[in-house]
Amino acid sequence: MSRLFTLVLIVLAMNVMMAIISDPVVEAVGCEECPMHCKGKMAKPTCDDGVCNCNV
């Protein structure tokens with residue numbers, strides 16, 4: 001039973017470490033998806049050089 005508990009603790013510790021170490025990736029939204037991407041933010045979508053910008 002203690003081996004199982006130790007294994008669970010190791011797995012949980014590894015998950016926490018991976019969450020801390022991994023940096024958040026900013027998803028680039030293309031011009032095609034721009035209107036749907038900005039719709040939830042109540043912003044006006046504009047596309048500059050293939051990159052979506054949501055202007056409030």
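A Cβ is built for glycine as well, from the same backbone N, Cα and C atoms used for every other residue.
Take the candidates C38, C47; Swiss-Prot pairs C31 in a disulfide bond with C47. Closest by Cα distance to C38 (disulfide bond), from the disulfide-bonded residues C31, C47, C52, is C52. The secondary structure of C31 (disulfide bond), as reduced to three states from DSSP, is coil rather than helix or strand. Across the structure, C31 (disulfide bond) and C52 (disulfide bond) place their CA atoms 6 angstrom apart. Reported as a whole number, the C-alpha separation between C47 (disulfide bond) and C34 (disulfide bond) equals 7 Å.
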